[in-house]
Protein chains: 2
Amino acid sequence: MIIFFIEVKDLPESWKDVFHRFNKKATPSRRAILEVFEEKGQHLSAEDVYEHLRAKKKKVGIATVYRNLDLLLRMGILRKVNFGDGREHYEICRTAQFHHHLICTQCGQVVDCEGMTQEEEQFLQRLRKEFEQKQGFVVHSYHIYFYGLCPRCR
Amino acid sequence: MIIFFIEVKDLPESWKDVFHRFNKKATPSRRAILEVFEEKGQHLSAEDVYEHLRAKKKKVGIATVYRNLDLLLRMGILRKVNFGDGREHYEICRTAQFHHHLICTQCGQVVDCEGMTQEEEQFLQRLRKEFEQKQGFVVHSYHIYFYGLCPRCR
DNA sequence: ATAAGTGCAAAGGATTTGCGATGGG
DNA sequence: CCCATCGCAAATCCTTTGCACTTAT
């Protein structure tokens with residue numbers, strides 16, 4: 001027996017389609033950068049991305065890396081995070097679970113904090129409303145940074 | 001009638017004493033920088049501090065500003081905050097109420113968010129424990145950034 | 001074909017550093 | 001008086017930009 005009906009919920013749009021939707025070209029550089037984020041995952045600096053590309057024998061200039069990190073940011077594919085080390089870091093949104101960061105103030109190590117749930121939702125929903133009323137802002141996202149000492153530094 | 005007993009709870013240590021405790025000199029530059037934070041308050045960049053000093057006719061070199069912002073940070077008098085605008089900002093801890101930040105992603109305007117209370121305490125207390133168990137970190141502080149659109153940009 | 005994207009090298013902006021001069025304890 | 005601190009200018013680090021060449025559509 002053959003099942004003819006296959007439920008496909010939220011089939012993710014291909015990167016090519018995403019670029020197309022933004023009237024941007026799906027160039028090799030851009031694909032390669034996204035590949036790095038999909039493989040290496042979290043919070044990479046421009047230099048990190050550049051090094052990973054070199055390691056993979058993909059020749060992409062550092063300027064192109066910067067330009068495309070910014071583009072991907074504006075397209076909503078990456079988000080920018082900052083750990084106070086003097087450079088910007090980027091994370092991919094789609095493949096990574098939404099999370100926050102725990103930063104060692106001694107050595108700079110950064111750990112992702114995933115899996116905060118309902119309680120967080122409720123807490124932030126309340127704050128969001130408060131800001132929208134008190135300050136007149138529309139809040140569309142937030143980020144929590146925790147600071148402390150990692151196992152080795154404590 | 002004279003009241004002989006005056007209750008003085010938590011008399012704040014003078015800046016001079018704080019410097020002394022850290023074996024650092026209470027120089028005019030340092031006093032002037034602290035004065036700026038006490039008067040102008042929130043999230044100033046090194047350049048901001050430098051400009052305010054000039055406006056007050058205090059001649060302090062920009063290098064000295066940077067060196068002392070870092071010193072005051074390490075002494076726990078200032079904390080560093082980052083709004084993604086390519087420069088670091090600093091806030092004074094003692095005189096300012098603990099607060100978070102609401103950032104307009106369009107124009108970069110930053111608003112302080114004060115007065116989150118019990119609920120926040122509880123919520124973050126739970127997370128703190130979770131991290132200490134799961135990751136082995138000691139968490140000593142945290143910071144929440146909210147992103148959205150300000151009244152003018154929405 | 002052609003406008004968008006790229007690489008390179010130079011420019012820009014923020015922060016740090018070297019060093020001789022200064023002044024707080 | 002002496003070492004920490006300062007001012008200045010040069011150095012460094014991250015990021016952006018100008019321009020001629022290449023390429024995805």
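These residue numbers are counts, starting from 1, taken along the chain as shown.
Cβ coordinates come from backbone N, Cα and C, glycine included.
According to DSSP, B:Cys104 (Zn(2+) binding site) sits within a strand segment. The number of other Cβ atoms within 10 Å of the Cβ belonging to B:Cys104 (Zn(2+) binding site), over all protein chains shown, comes to 20. Look at TrEMBL and you will find B:Cys104, B:Cys107, B:Cys150, B:Cys153 tagged as Zn(2+) binding site.
The feature Fe cation binding site is assigned by TrEMBL to B:Glu119. The Cβ of B:Glu119 (Fe cation binding site) has no same-chain neighbour under 8 Å that is 6 or more residues away in sequence.
Of the listed binding-site residues B:Cys107, B:Cys150, B:Cys153, the Cβ environment within 10 Å is emptiest of other Cβ atoms at B:Cys107. Applying an under-8 Å Cβ distance to chain A, the binding-site residues B:Cys104, B:Cys107, B:Glu119, B:Cys150 reduce to B:Cys104, B:Glu119, B:Cys150. Apart from B:Cys104, B:Cys107, B:Cys150, B:Cys153, the residues listed for Zn(2+), the same chain places the Cβ atoms of B:Thr105, B:Gln106, B:Gly108, B:Gln109, B:Leu149, B:Pro151, B:Arg152, B:Arg154 within 8 Å of the centroid of those Cβ atoms.
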